[in-house]
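Quick notes on the structure that follows.
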């Protein structure tokens, strides 16, 4: 008892620590789980409140569409009026009126816009352009500068087409064309050139010329056959006379020559008659062909000339044949009789035989001539 009492007494004597100095009590596992559950409950309550705030009870009100209404002030167009200029109206200038009539309305829209600041309608476009007589403003004014800027935006082809309508020169750079157009439109006046000739009239004139030339050619062609017919008739008469003379010569030659050659001459006669008939037929054909063209006429003249030259030759020359063996023997005999056999060579005798018959080539019969010479000498 004494030992247990001693520590108690000692404990009573030791001072107790203050409350602030006491160590914090650590929560137990049960307390931690309870705190977590409370926090989870709080989170769930907050989520439920959010969901309730999102859910709208009843039908949703539709929003009205606010449409923008453009309150455009209606532009009041100025009434179209053609101001009187200082120059002459374009329709009164003959050449410009001619070019305006040739152009289409679409090609004149840019010119109309330049003159009146509006494209214009199809029905009144050409009329309005023709009524233009010059700009009412002066050179160097703001309106003049606006027109100059408008023209500078146009392409070269468009500026040239405007120059063509206004009867102006189309050569030069764009700046030159712009100045030329504006200077003219300030005070329009005629260029003094004559009206261009229409293509239709020129084509008609060319047709008339062709027709007139055609008639003259036809008349020449009709005259030529008459002349040719006269020439052909004279040719026929000459041919007949020649045929008759050739027949007379043949008869005389028949009387002179022996009767052996009569059959050959008769055959030649038949050939000659057939040739004369053919020549007469060809002359008639030439008459018909000569009336077709001049080229055929020239060719027919040449042919007739060649035929005439061939007809002039006697028929005996045509019918001559190379000498026979007997004739060659006789000629060789004559040559040997007159020649000195000691000096004369075979070559010289052959040459003399050839000279007696110059119209024929006797080189192939050289061997026959040599054999005859040898026979006669022996």
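For all residues, glycine too, the Cβ spot is worked out from N, Cα and C.
As written in Swiss-Prot, here are the features:
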- 1-65: region 'Disordered' (REGION)
- 20: phosphoserine (MOD_RES)
- 20-31: compositional bias 'Basic and acidic residues' (COMPBIAS)
- 50-65: compositional bias 'Basic and acidic residues' (COMPBIAS)
- 123: phosphoserine (MOD_RES)
- 124: phosphoserine (MOD_RES)
- 149-183: domain 'SAP' (DOMAIN)
- 161: phosphoserine (MOD_RES)
- 186-329: region 'Disordered' (REGION)
- 203: phosphoserine (MOD_RES)
- 232: phosphoserine (MOD_RES)
- 233: phosphoserine (MOD_RES)
- 245: phosphoserine (MOD_RES)
- 253: phosphoserine (MOD_RES)
- 281-299: compositional bias 'Low complexity' (COMPBIAS)
- 293: phosphothreonine (MOD_RES)
- 306: phosphoserine (MOD_RES)
- 310: phosphoserine (MOD_RES)
- 322-378: domain 'DEK-C' (DOMAIN)
- 340-354: DNA-binding region (DNA_BIND)
- 370-374: DNA-binding region (DNA_BIND)
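The Cβ of residue 123 (phosphoserine) has 8 neighbouring Cβ atoms from other residues within 10 Å, across all protein chains displayed. Its own atom aside, the Cβ of residue 161 (phosphoserine) has 19 Cβ atoms within 10 angstroms in the protein chains shown. In this structure, residue 123 (phosphoserine) belongs to neither helix nor strand by DSSP; it is coil. For the domain 'DEK-C' (322-378), the DSSP counts in helix, strand and coil order read 40 helix, 0 strand, 17 coil. Confidence for the domain 'DEK-C' (322-378), expressed as mean pLDDT, is 83. Helix, strand and coil residue tallies for the domain 'SAP' (149-183), in that order: 25 helix, 0 strand, 10 coil [DSSP]. Remark: residue 124 (phosphoserine) has no non-local neighbours by Cβ distance under 8 Å and separation of at least 6 in sequence.
For the pair formed by residue 161 (phosphoserine) and residue 123 (phosphoserine), distance between Cα atoms is given as 21 Å, rounded to the nearest Å.
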